[in-house]
Amino acid sequence: MLFGVIGVFISASIITCGSWWLFPKLNFHDLTVRDYLALGTIFSSTDTVCTLQVLHQDDTPLLYSLVFGEGVVNDATSVVLFNAVQKIDVSKLDGRTLHVIGDFLYLFSTSTALGVIAGLITAYILKTLSFGRHSSVREISMMMIMAYLSYMLAELFELSGILTVFFCGISMSHYAWHNVTEISRITTRHVFATMSFIAETFIFLYVGMDALDIAKWKMTKLGFGNLIGIYGGLIFLILLGRAAFVFPLSALANYMNRRSEQTPSITFKHQIIIWWAGLMRGAVSIALAFKQFTYSGVTSDPINATMITNTIIVVLFTTLVFGCLTKPLVRYLLPHHATKVNTSHAEETTIPAEDMNLPLLSFEESAATNLSRAKESLSMLIESPVYTIHYYWRKFDDAYMRPIFGGPRANHLDC
């Protein structure tokens, strides 16, 4: 959450301010305030798929989890922040900059809530109603239709569809997936993986074909040197913007968990790899750029055409260069045996030894016992907030959520 939410705001601010200062010096004018703000969100979105292509869960599980977690939250945050930027009244920007944060929080919270509700409804229907049982087709159709329905409702209410369907998928994976047959589980896993791969391939084919659109390249009125300066400036701002939040926020996370033995620290080598692995830009950046600078994929404005070509160059360069160098960097900084040792230590320390079904507070016990438990909980929260919140969420999930919406109830090792 630190990397994927706070990091996006830091990176977007640096890219926006840097572009605002750099572009006029390269004779690139006529961009509006909204364009600069949108530019910051466009190039703050990392490409999760490209990053996970070069990191393997078996070889680097800790890095895989950190990069994957940041990537999915980063994409959702970038889209929500982009939508919030679109609602800015540029003529009344003075004194109303906090409205951007307000719109962001509103879109983020409502889209998340809608996605979770849709996922829980799907899980409850599959668990309680009998029409979907003994029929893999109906079970699979139910999950696909409900996921698409959550997206359509989000767009209807002018929320973030990608964030809604993302949290709907998380809820379905956590609850609904356990309420279907084994055949349906295998089928849905492969069907959604295939659809995701085809969609990602289509996006990059579209980028490749658009990169060969000579008309867009001829529209620009800038010289070759100025274009190279813009490309290099944007890539430098991406490097700077990412470094500005990865290293400070990693230090902050390590400081917050300094007293916790359950949470392993993020080493400096890990921070370098996280910084480098998140430099790639991809499908979300392309989609947001086309939404901001084109009308249904077509533009006749030289300024907008230049921004489209800038985005294409940055996406292709970061994907090819940074993507190809990520794996060698991982092998150089983290040898295979060291990664295995760190992984084993992390797995041993993160397994809680207490029963996950113990209640938070109990009316059957004395007030002194409940007060003592509350003091221990408060002490845990101060010393290790992330681990404590996750620990008590698992207890609440096992005691109340899973019996209603489905899923195996873990005692202490199976969650």
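Glycine residues also receive a Cβ, built from the backbone N, Cα and C atoms like all the rest.
The feature domain 'Cation/H+ exchanger transmembrane' is assigned by TrEMBL to 2-331.
Per TrEMBL, transmembrane segment is recorded for 6-24 (among others). Listed as Cβ neighbours of the transmembrane segment (6-24) (distance under 8 Å, sequence separation of 6 or more from its ends, same chain) are residues 31, 36-37, 39-41, 43-45, 70, 74, 77-78, 81, 229-230, 233-234, 236-238, 240-242, 244-246, 249.
Residues 1, 3-5, 7-9, 12, 38, 41-42, 44-48, 51-52, 55-56, 100, 103-104, 107-108, 111, 160, 162-163, 166, 264, 266, 270, 273-274, 277-278, 284, 288, 291-292, 330, 334, 339, 342-343, 346 of the same chain lie 6 or more positions beyond the ends of the transmembrane segment (62-84) yet place their CB under 8 Å from a CB of it. As annotated by TrEMBL, transmembrane segment applies to 62-84 (among others).
According to TrEMBL, the transmembrane segment annotation covers 104-125 (among others).
What TrEMBL records for 145-170 (among others) is transmembrane segment. Remote same-chain residues near the transmembrane segment (145-170) are listed as 72, 75-76, 79-80, 83, 107-108, 110-112, 114-116, 118-119, 121-122 (criterion: CB distance under 8 Å, separation of at least six residues from the stretch ends).
What TrEMBL records for 191-208 (among others) is transmembrane segment.
Counting residues 6+ beyond its ends, the transmembrane segment (228-252) has Cβ neighbours under 8 Å at 2-3, 6-7, 10-15, 18-19, 22-23, 26, 28, 43-44, 222, 266, 270-271, 274-275, 278-279, 281, 306, 310, 313-314, 317-318 in the same chain. Per TrEMBL, the feature transmembrane segment maps to 228-252 (among others).
For 273-293 (among others), the entry in TrEMBL reads transmembrane segment. Beyond its flanks by at least six residues, the transmembrane segment (273-293) meets 3, 35, 38, 41-43, 45-47, 49-51, 54-55, 60, 63, 66-67, 70-71, 74-75, 78-79, 82, 200, 203-204, 206-207, 238-239, 242-243, 246-247, 250, 266, 299, 301, 304-305, 307-308, 311-312, 314-315, 318-319, 322-323, 325-326, 329-330, 333-334 of its own chain at Cβ-Cβ distances under 8 Å.
Listed by sequence, the residues of this chain that lie at least six past the ends of the transmembrane segment (305-325) yet keep a Cβ under 8 A from its Cβ atoms are 28, 31, 35, 39, 42-43, 47, 50, 53-54, 207, 210-211, 216-217, 219-220, 222, 227, 230-231, 234-235, 238, 276, 279-282, 285-286, 289-290, 292-294, 299. According to TrEMBL, the feature transmembrane segment maps to 305-325 (among others).
The list of residues near the transmembrane segment (104-125) in space but at least 6 beyond its ends in sequence, with Cβ under 8 angstroms from a Cβ of it, reads 76-77, 80-81, 83-84, 132, 142-143, 146-147, 149-150, 153-154, 157, 159-161, 163-172, 174-176, 179, 404-406.
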